Ligand SMILES: Nc1nc2c(ncn2[C@@H]2O[C@H](COP(=O)(O)OP(=O)(O)OP(=O)(O)O)[C@@H](O)[C@H]2O)c(=O)[nH]1
Ligand SMILES: [Mg+2]
């Protein structure tokens, strides 16, 4: 027997409270092997949502209410509600759920029954077979939801999970939510979900996706803020920026970008615009300029924790040059082939130019980690 607390943020959801509470009164007592309670987290809604909840509290001992003095967003409501559910209500599991019936209460038992199967994170999923988003959503909202979710899956390196932006799920408290510092939650808005998902997966949570049909809002008004995409991208960036592995790669990419900019400027000026040099020679000389910049920036910044100092710099710089020469050789060969195919066509030559750089990027990152700064890819 574990205790599940459904944390349900509400803002101006007065209309749906009576129906929600009565749906819960039908469903919760029928979940025999676990104790399930409901906690409304209301931000002093002007429509009096909290007062209506209070009325029902007299009748239902499993109904709880936490009132925040001001509205700061969905993430902020969870950051208040979840610790309350764990500390005051002694929850073993936390359920996230919307108040507007888009997360059907009838699906609660299907999620809860997975608790006994050894999972840590049980997620109602719109993007697995059997799951869906509302048909009548505008094409923009569908696109944003599908693409936003896809971008989050890929950039957070969780391609195996199909729905990372949904808000209907169950999370294990012990070893997971009880170790999360809510003061570090990266978004007070809808993007809080991405942070929690990322945290759970990093903690090694066993994830189960249960298909469900995201319903239509039946009463009240949408609180979703239009520009949620930007907030989502901000959270993804911050999450990855705090991930040392990714951070190093991002730094490498930034340094490579400055080198590439220097090299490209040189290439464009001397071969595309003025024809002072042939494309292959311009690439090589521009590359030499980039090498010095890249070595210096990588040593001082990207690989700071493995920084090479003193006399060793000379040897390492020599090695770095060898790596870069290998890179240049690859670029030279590719560009020679390009010259053959392009016959003076600037667009085709640029395609070969950037193609060669992509090959070289992957090879370089590997060699820097393995042989130059010897991080063994940690
Ligand atoms: N306490 C609190 N609850 C919020 C806040 N913003 C949203 N909510 C609640 O969070 C849930 C989800 O918000 P919705 O506006 O339904 O967002 P959505 O489901 O993405 O959008 P719709 O499809 O238009 O309903 C609802 O239960 C809201 O009442 C907030 O700032 N504070
Ligand atoms: Mg909704």
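Keep in mind that glycine also has a Cβ here, set from the backbone N, Cα and C atoms.
Within the set 298-316, 317-335, the record from TrEMBL flags 317-335 under the feature transmembrane segment. Packing against the transmembrane segment (347-368) from elsewhere in the chain are residues 249, 252, 256, 260, 267, 279, 283, 298, 302-303, 323-324, 326-327, 330-331, 334-335, 337-339, 341: each is 6 or more residues past its ends and has a CB under 8 Å from a CB in it. When the domain 'GtrA/DPMS transmembrane' (251-373) is classified with DSSP, helix, strand and coil residues number 108 helix, 0 strand, 15 coil.
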